[in-house]
Amino acid sequence: MSDTHSNTVSYVRDTMLDQQEPPVTERGVIKWLRENLFSGWLNSVLTIASLGVIWFIIIEIGPWLLNTVWNAESLRECRAILDGTSGACFAVIKDRWHQLLFGFYPPEHYWRPVLAMVLMLVALAPILFSEVPRKMLYFSVLFPFIGYHLLWGGSVWLPISVLLGFVVGYVAFRATAKLSSLVSVIAAVAGTFLWWVFLAGPFDAAMYSVAPIGLEYVRSDAFGGFLISIVIGVSGISLSLPFGILLALGRQSDMIFLKSVCVIFIEFIRGVPLITLLFTASLLLNYFLPPGTSFDLILRVIIMVTLFASAYMAEVIRGGLAALPKGQYEAADALGLDYWKAQRLIVMPQALKIAIPGIVNTFIGLFKDTTLVVFIGLLDPIGLSNAIRADTDWNGIYWELFIFIGALFFIFCFGMSRYSMYLERKLKTDHR
Amino acid sequence: MRKSVFYGTIAASALLAGAASAQSTLETVQSNGEIACGVSTGLAGFSAPDANGVWQGFDVAVCRAVAAAVLGDPMAVNFVSTTGQTRFSALASGEIDMLARNTTWTFSRDVDLNFTFAGVNYYDGQGFMVNRELGVSSAMELDGATVCIQTGTTTELNLADFFRVNGMSYEPVPIETNAEAQQQYLAGACDVYTTDASGLAATRASFPEPGNHAILPEIISKEPLGPAVRQGDDQWADIVRWTLNALIAAEELGVTSANIEELAAGTDNPEINRMLGSAGELGAMLGLENDWAVRAISAAGNYGEIFASTIGEQTPIGLARGLNAQWTQGGLLYAPPFR
């Protein structure tokens, strides 16, 4: 059949037409607009309304931002320069940026927090990115002591003697390792604490009298601005994760005493606002301590913030643990792994991966919560913005300070959020 | 009430703790080499850090004068920034040695919280600020107004009293800080802003167009602001009290930071001689060196000089002396004799 008709039927086309362009509404920008902005009357109305809002914001804020005064000594001078026109007065940032960043830290020592910050990034690199050589982790372990000495200064032997406490613990662990693992853990902990309580102080004093090495001491009162936010935030973040893991495991434990302690701790802390804990740190602890002991306020705040974040972290990680199929636990048992090995090799890597968004969420929340210290009189960026406004030169300035503070916080929090997305993609092993 | 019981309890326990340590505040200060002075976290003209992080202001000057008198160095002050909530417990717990934070001297603070007020360094009173467009010229015309008011302060209670006594109604707009109040007021969220008159003047000075706003003539409360110390250490209270008195008396007697060196050598006015230590042993009675008052006055000048340089009419805050003039000028400042 086909043969007879193949060349005789004139209306059957034997050459293909060139492909035509799709209709104008189905291609390019117009298609994108139709599909994304004007698909249906409701979306069209919303699009137009949004454009109106954006236009309004640009019209209102654009000239104000563009008409910025950078060089002035006071708000009055700014207003005189602007001469009635609307304009921002970012001269206040130029005048006070160092205070917003470092508080009252002595200017000749600004290199110390800056160096500490750089070293912190170096120390974080091997933790955050697996491409970095693993040997760098030794530096990460040492960084808290280096960072402490850089920021506060004083005798260099103090962080060294604290560090030696861990060495003592390790030696005790090794010496008793043959007896039993429980005994050696107890010996290690006891050795560390005995060193800290009884020998660390005299060791520090003795070494300092022999070799008085160390940076100039900077007291905690001098800390302020973003320095205080970062010190509290980073300490809280790095301490709350291990505590949170331990609390989450404790809450899952079969040991009734351990479990109740963890549950009570978590529920108590979660039931109390952070501001209450901060007030406790700043007001009540003074009364319980013997008079004359000056227990550093920043240290007290770090402890309270850590406790607070640990409780939340524990619940986030418990969520990760709960999401893990029971078969994983059973598989670990079937392999003959003991509890800690099972947790370390099978359970935690998976549970933490599941919990990453929640963990980072808690970190970001914690970092922003550091601004609450303004209520106990610590001069964090928000507190300093009040103090700057109390100077007669800058009384009455708001937006410029808050925009600057907001922008810096955004950089930190956005960075954390992007890193967590990177980590999630990298660790993605399922096929959803 | 419960709050004051709480403060009272912690103050009492602090006193016990203080007694146990058995070291007077003066000894503590001298061994530390500095005074821990509680100031506001920032109040225009009264206490604020400048661009170099050095605290400046009217309250700050009192701390510096005491430091100069006790330690000989006006910069030997560790300024502890306190909020309205933390100030009293910071003092009671011994975290600070004195409080110079525009704190109103009231019965309950003096008696119930176990503090001693060392005098008054500024006589303030609560006033009202309104936009001139409202056409209000007296606080008695404020019936039905919306009022921006800082919560948890004595001003809140005074406001309620004032409106009740005068049979008027108002709608409160609660705000937390002075900065927030300025924004709310300028944005028109409230018709009236009320706080201490000194604060109103400082706030108005910061407005783009101060002339559009009027501070009403009525002052509805007494707010004597003064430095406070813990009760139970009378020697320390005396030092703070007489340092303040020396600043006030110096103005009355014409002793300024400019002529004090010359006058300290000896004058024909016996009171100046006693105060400045060229005659008598007043310093030793306080437990200080005999030139304590010279050092205190040299720190930032006498009361009038401090006033003029921090909050006076030549500054942006522009407060008139008013009640804070010497008694000889019709004000309330009246230092007891140095004898």
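For all residues, glycine too, the Cβ spot is worked out from N, Cα and C.
The domain 'ABC transmembrane type-1' annotation in TrEMBL covers A:226-420. TrEMBL lists A:41-66, A:110-129, A:136-151, A:157-175, A:182-203, A:223-249, A:261-285, A:297-317, A:354-377, A:397-416 with the feature transmembrane segment.
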Cβ contacts under 8 Å made by the transmembrane segment (A:397-416) with residues that lie 6+ beyond its boundaries: 75, 88-90, 92-93, 97, 100, 226, 233, 360, 363-364, 367-368, 381-382, 385, 388-389
Intrachain neighbours beyond the transmembrane segment (A:297-317), with Cβ under 8 angstroms and 6 or more residues off its ends: 220, 223, 228, 231-232, 235-237, 239-241, 243-245, 247-248, 251, 262, 265-266, 269-270, 274, 277-278, 280-282, 285, 351-352, 355, 358-359, 361-362, 365-366, 369-370, 373, 376, 378
Other parts of the chain folded back onto the transmembrane segment (A:110-129), taken as Cβ under 8 Å at six or more residues beyond its ends: 98, 102, 136-137, 139-140, 143, 146-147, 150-151, 153, 215, 218, 227, 230, 234, 419
